[in-house]
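Participant: One structure, pasted below without further comment.
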Amino acid sequence: MGEKLSPFVYWGQKSDIVSLKVDLREVIDPAVDITEDALTFCSEGHGVQGQNRYQFHLNFYLPIDPEKSKYRITERGIEFHIAKKGAEVWPRLTEDKVKYAWLKIDFDKVYYEESEEEQNDMMSNQEEMMKQLEKELKSTEPDVPDFKIGYLFLYNLFQFIGFTYITVALIVKYTRLGEAALKTGFETVGTQLMVVQAVAVMEIVHPLLGIVKTSAIAPFLQVLGRNFSLFVILYHEPRLHTAPAVFCLFFVWSAIECFRYPFYMLSTLGKKIGFITWLRYTAWIPLYPLGILLEGTVGIMAIPLYEDTEMFTLQLPNSANMAFYFPYLLHAYLFLLLFGGYQLLNYMYSQRKKVIGVGRKKKSA
């Protein structure tokens, strides 16, 4: 089991609130649970140990009011505004007297028991500061983050609706026609699939522009491979349209996205549902290898057909004074499919370990 990493947490207080600042940047999918007695935090982000998954748990010295407690994510970390139930200064933050190496005092927000006059001045300053913080928490976010959140939500919703339609259409077709439907995959949903796959190119653009804080490698491998297979191999060779492997390939592609996009929609809103998360990081285990196998099958079937038609092949002499044999590219594509598929499966496995683990067994005492 890997070592659990905790970010630096800075805390301060006044008589009625506790302020916490978590030193973690580029936060991805934070899980926060605030109860009357404790705070539990878990998220991937950039902290003291670089890009990693960080977590901590705090049992408060006295009960707090979770309904009035708030938090917000900033470029510099996560700020918590924890409302105390009683108006008194705590001698320490936690119920136990353990000193955590990652828990630090925020000297800008510490409460000092000075003379009454000095204390009143400090209370006045702190109240003004906390009112400002509360105002910021209640106020709307800047226009750019609002636009980004709205755009990403609508993008993921559009893709979810599109791929769900394709999946349902294929199921209905097979239910009505039985095995005869296996020859109608491209005819049934070919146009719709080309639309959503063309839009999916934005998943490469999003990380490159910094709209999402993820790597562009995984979407590049997936989108490029699919679009080459769909727009180049399948679209230009009608004899492949009736292949049962194409029907199965379209179904697997679409089924994968029916689990992926709901997870992204929730993540955009800062929400998390355990079952959706589990599906996102589990459904790929049978579907991704099956999709790679079917893409390879379609590629192998295409080679003799493109040898026959010589489409995309350039033979000398020609005005460009160059030769190009398209079936050779298809052979290279099959090799790259194996390499890219291996990289994609490794990436998904590492993501699954980070998010939900790999089924650790507990030793009995």
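If you go along the chain as it appears here, the first residue is 1 and each next one adds 1.
In case you wondered, yes, glycine gets a Cβ from its N, Cα and C as well.
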Participant: Pick from 196-217, 284-305: which stretch is listed in TrEMBL under transmembrane segment?
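Facilitator: Spelled out, TrEMBL records transmembrane segment over residues 284-305, not the other listed ranges.
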Participant: I need to check the long-range neighbours of the transmembrane segment (325-345): which residues 6 or more away from its ends have a CB within less than 8 Å of a CB in the stretch?
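Facilitator: For the transmembrane segment (325-345), the nonlocal Cβ contacts are 217-218, 221-222, 225, 228, 233, 288-289, 292, 295-296, 299-300, 302-303, 306-307, 310-313.
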Participant: Where DSSP helix means H, G or I and strand means E or B, what are the helix, strand and coil counts for the domain 'CS' (4-94)?
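Facilitator: Taking each residue of the domain 'CS' (4-94) in turn, the totals are 0 helix, 65 strand, 26 coil.
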